[in-house]
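The structure appears right after this line, and notes come after that.
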C-alpha cells in the first residue's frame, strides 16, 4: 500500500459524511492527523512502503481498542471497509474510509462499537459470525452494513433471529404509515376549538387511561355489556319463551325489553361518538370490532321493523307461514346480541393480546387444521373397518359418521356417544388419541411464544403512551408556570394563578 502526499502542507478539519448502504455516519475527520502536522509542519509525509512493519500489519483502533491485523488477512475481504484500506493511494481516500489516521504508527481510527467489531474480528480470523446477546440485532446489522459484511455470513440461527427482527420492524413501519395516512385524512387542527373538542372526545372513547372521563366511559361500557349478557340469558328461560310463543307479554318480559332498549341506546350512542371522532370514516367502518358492533346493533332495529310490519294488516294466526319465518328470523337476530361481549376487547389488554396472536398465527392455526384433517381422514376409515368387521355396527355406520368420533378422540374430549367395542377398534382409538396429543403440541409452542411477544409489545406500547401523556402534562404545567409570574408573598396573585391554571387544564 502506497500513500501519496497531496501537495498541501496543512490539512483543514472538515465534517465528512460516509453513506454506505443504508447507514450514514457523520464525524469530524483528520483531528489526529492535524495534531501530527502541527508538531511536524515541515516534514513531508513518508510513504508507508518504507516502513517494514506497516507492510505486514495494520493497526485498527475501534472505540479505543487496538487490533493488529495482517494485510494478508485483509486481502481475503477486499470488498469490506477494512479490505479497501490497502487500495487507498492518498490521505483523502483513507479519510473517506476511516475517521482518523496516524501516519507515524500506521494506525487507523474508527469511532464505532468495539463490542460489535470484536465479533467481526472473530469472523475474520475464525470464520464464525454470531449475534451478541447484549446488543440489539438491528444495531448489529447496522454495524455489519458499516463494515461491509453481508448478513449471509451469519450462522443460520442468528440469521433467523435477525430476519425475525427485521420483519417485526417492517410491520411496525407499515402500521405507522397506515396510522399517519389515517391521521392525514380528515384530521382536525388541534389548535382550533373543534379540533380540541375532537381530541378530548377521542381520548375519552379510545383511551381509558387519558383521565377521569375516559375511565367513567369505559366503566359504563363494561356495565352495559354485562347487563346485556345477563338479560339475554334470562330471556331464554322456559316461562319467557312460552309467553313469546303464545304472543303474550308479561311484566317481566316488558322489563327485559326496556332494559334491552336502554342498553342498545347506550351502544348506539357509543358507536356514533366513535364514528364522529374517527379521522378516517372508511377505515373506521372497515375495522373488525366496529363491524361486530354493527352486527350486534342491527338485530334490535330490524326486530322493531319486523314487529311493526307484522302488525299492520298482517294475519296473526299462529300457524301462518310468514309469521313462523318472521319468528325464526327474530330468534336468530336476537341471538346475535351475544356479540356485545366483543366490546370488552377495547378495555382488556389480555383480549387484545389474544386477538393479535390469532392474527399473527394464522399460518400455525392453518397447520394445526391441516394436521387434524389428515389424521381424521386416516383414522376414520380404520375405525369403521375395525368395527364393521369385528364389532357392533350400530355406532359406526359409515366413514362420514366416523369423522365426528375421530375429531372428538384426537382433541381428547371423548363425549362417549360413539365407542369402539372391538379390540382392533380400541387400538385405533388409542392411536388416534396419542396422535392428537402429539399433533396439537407441535404448533402450540410457536403460538405461545407469539402470545408472549404480543403481550410484551402491547404492554410496552401502553406504558409509552402513559409516559408520553405524563410528559405532555408536565410540559404544559411548566409552560403555565413560566407564562405567569410567581410571587410567594402575594396571596391574591397566587389565587389568580390557581384559577387561571385550573381553567387552562379544563380546556
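From the backbone N, Cα and C atoms, a Cβ is placed for every residue, glycine too.
Curation does not apply to TrEMBL; its annotations are automatic.
TrEMBL lists transmembrane segment for one of the ranges 157-176, 177-196, 257-276, namely 257-276. Within the same chain, residues 198, 201, 205-206, 220-221, 224, 227-228, 231, 249, 284, 290, 293-294, 296-297, 300, 337, 340, 343 sit at least 6 positions outside the transmembrane segment (257-276) and bring their C-beta atoms closer than 8 Å to a C-beta of that stretch. Each residue in the domain 'BTB' (56-165) has a pLDDT score, and their mean in this model is 82. Under 8 Å from some Cβ of the transmembrane segment (365-386) lie the Cβ atoms of residues 358, 396, 398-400, 402-403, 405-407, 409-411, 420, 422, 424-425, 427-429, 431-432, 435-436, 439-440, 442-443, 447, all in the same chain and six or more residues away from its ends.
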